[in-house]
Amino acid sequence: TDFLIVAWYVPCLASLETLQELCRKENLRCKSLGITNRSLKSYEVEYLCDYKVEEGTEYYLVKWKGWPESSNTWEPQKNLKCPLLIQNFLSDKDEYLSRVRDGKALKVRNHVKALKPAVADYIVRKAKQRIALRRWKEELNRKKNHKAMILVENTVDLEGPPLDFYYINEYKPAPGINVINGITTGCECTDCPAEKCCPKEAGFVLAYNKRKKLKIQPGLPIYECNSFCRCGPDCPNRIVQKGTPYSLCIFRTNNGRGWGVKTLQKIKTNSFVMEYVGEVITSEEAEKRGQLYDNQGNTYLFDLDYDSDEFTVDAARYGNVSHFVNHSCDPNLQVFNVFIDNLDLRLPRIALFSTRTIKAGEELTFDYQMKGSIDLTSDSADGLSPSKKRIRTVCKCGAVCCRGYLN
């Protein structure tokens with residue numbers, strides 16, 4: 001009798017360190033885990049946990065990479081070849097002491113100068129946070145689909161990566177929602193823009209000038225060339241679809257606004273910066289989620305009301321770097337509606353462009369109320385506006401023209 005064997009593959013929930021530890025215990029080699037004949041019994045410092053001075057010799061308590069904390073050992077400083085980790089340890093110690101009234105780090109007990117438990121605890125938590133943020137940064141850069149880098153920085157508190165956030169590069173439609181309407185034609189231009197290029201076919205002007213900078217007013221849509229157009233990837237009418245061109249840093253703000261985003265490069269006026277993506281849900285579902293978000297003070301819901309109000313983008317759990325961009329009543333980014341491979345007016349893509357020159361290191365912000373659009377008809381067409389709130393959220397943007405609330 002023949003038997004059909006079905007193999008099931010499921011994601012491994014064990015951490016890398018746990019798997020490495022198991023390999024060492026069972027004397028197994030695994031190239032994928034970095035456990036080879038040479039490294040099977042090797043030791044690498046992951047971080048330093050504690051410090052003491054005993055009989056004139058300085059010791060550090062070492063957490064070994066790939067080994068459980070129960071395997072931590074005290075090692076004399078002269079045996080350690082990890083100057084960066086020692087520097088991190090000392091800077092974390094000084095940072096903690098600068099925040100407390102008692103500036104003494106060591107206490108003497110049984111002729112041993114030992115680090116105070118509160119100081120050691122902070123240093124360990126900071127080391128674990130540093131590792132978690134580094135891994136998160138690596139994960140973000142693996143998942144992104146653009147060339148520019150994403151950095152992560154927290155010099156403010158012990159907050160680590162968000163636990164319930166998943167990075168995506170494009171809209172994630174809810175069941176029953178189709179964000180691709182099956183476009184099958186494109187422009188015949190060999191040198192865009194031409195007489196019959198995509199924007200003119202839609203009844204609008206080309207959005208970009210020869211320097212690939214935005215030249216239209218807020219409220220007007222952007223029609224870019226699509227996958228069926230004859231023009232190549234260097235076409236001047238392909239900007240948003242290429243993704244974020246600037247290296248950005250997700251950083252922890254020091255004034256209670258949580259995470260924020262700053263640019264690591266100078267951004268010129270009217271330049272494309274990033275796209276706002278998330279789950280595409282119905283407006284009815286947005287109302288249900290909005291009640292929960294209101295109580296939490298979150299503002300991740302955006303109505304796609306360029307042509308109607310059927311759909312909303314929810315970036316609370318699924319999104320890209322724009323998930324972390326804060327509100328400002330005096331923003332340096334402006335929202336525009338973009339159509340590329342989907343010409344459904346109910347489902348525009350959301351693009352953020354610079355309203356002025358933005359210096360390297362400056363925080364990126366946009367107005368959650370999206371002021372500054374123009375009238376396309378006798379009715380006001382804001383292009384994009386956040387989902388209406390029932391509970392007002394206090395604004396902390398600090399702008400001179402601050403309205404006091406996000407909504």
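Cβ atoms are placed via backbone N, Cα and C, with glycine included.
Source: prediction; values computed, not measured.
Look at TrEMBL and you will find Cys187, Cys189, Cys192, Cys197 tagged as Zn(2+) 1 binding site. TrEMBL lists Cys187, Cys198, Cys225, Cys229 with the feature Zn(2+) 2 binding site. Taken from TrEMBL, the feature Zn(2+) 3 binding site applies to Cys192, Cys225, Cys231, Cys235. Under the heading S-adenosyl-L-methionine binding site, TrEMBL lists Arg257, Gly258, Trp259, Asn326, His327, Tyr368, Lys396. Residues or ranges marked as Zn(2+) 4 binding site in TrEMBL: Cys329, Cys395, Cys397, Cys402. Residues or ranges marked as domain 'Chromo' in TrEMBL: 43-101. According to TrEMBL, the feature domain 'Pre-SET' maps to 185-243. Annotation comment: TrEMBL describes 246-369 as domain 'SET'. The domain 'Post-SET' feature in TrEMBL is assigned to 391-407.
Distribution of TrEMBL features across the structure.
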residue	record	CB count, 10 Å
Cys187	Zn(2+) 1 binding site	24
Cys192	Zn(2+) 1 binding site	22
Cys198	Zn(2+) 2 binding site	28
Cys229	Zn(2+) 2 binding site	20
Arg257	S-adenosyl-L-methionine binding site	17
Trp259	S-adenosyl-L-methionine binding site	19
His327	S-adenosyl-L-methionine binding site	21
Tyr368	S-adenosyl-L-methionine binding site	26
Cys395	Zn(2+) 4 binding site	19
Cys402	Zn(2+) 4 binding site	13
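Using a 10 angstroms CA-CA radius around Cys189 (Zn(2+) 1 binding site), none of the binding-site residues in Gly258, Trp259, Cys329, Cys402 qualify. Among residues of the same chain six or more beyond the domain 'Post-SET' (391-407), those with a C-beta under 8 A of the stretch's C-beta atoms are 255-257, 294-295, 297, 299, 326-330, 365, 368-369. For the binding-site residues Cys187, Cys197, Cys198, Cys231, Arg257, a Cα to Cα distance of within 10 angstroms from Cys329 (Zn(2+) 4 binding site) holds for none.
When other Cβ atoms within 10 Å of the Cβ of Cys329 (Zn(2+) 4 binding site) are tallied across all protein chains shown, the result is 20. With respect to Cβ neighbours within 10 Å, the binding-site residues Cys197, Cys397 differ, and Cys397 shows the lowest count. Across the domain 'SET' (246-369), DSSP assigns 18 helix, 49 strand, 57 coil. In sequence order, Cys187 are the binding-site residues from Cys187, Gly258, Trp259, Cys397, Cys402 with a C-alpha within 10 Å of the C-alpha of Cys231 (Zn(2+) 3 binding site). Summary: among the binding-site residues (Cys189, Cys235), the fewest other C-beta atoms within 10 A of the C-beta are counted at Cys189. Separating the Cα atoms of Gly258 (S-adenosyl-L-methionine binding site) and Cys397 (Zn(2+) 4 binding site) is a whole-number distance of 12 Å. For the binding-site residues Cys198, Cys225, Cys235, Trp259, Cys395, Cys397, a Cα to Cα distance of within 10 angstroms from Cys192 (Zn(2+) 1 binding site) holds for Cys198, Cys225, Cys235. Geometry remark: Trp259 (S-adenosyl-L-methionine binding site) versus Cys397 (Zn(2+) 4 binding site), CA distance 13 Å.
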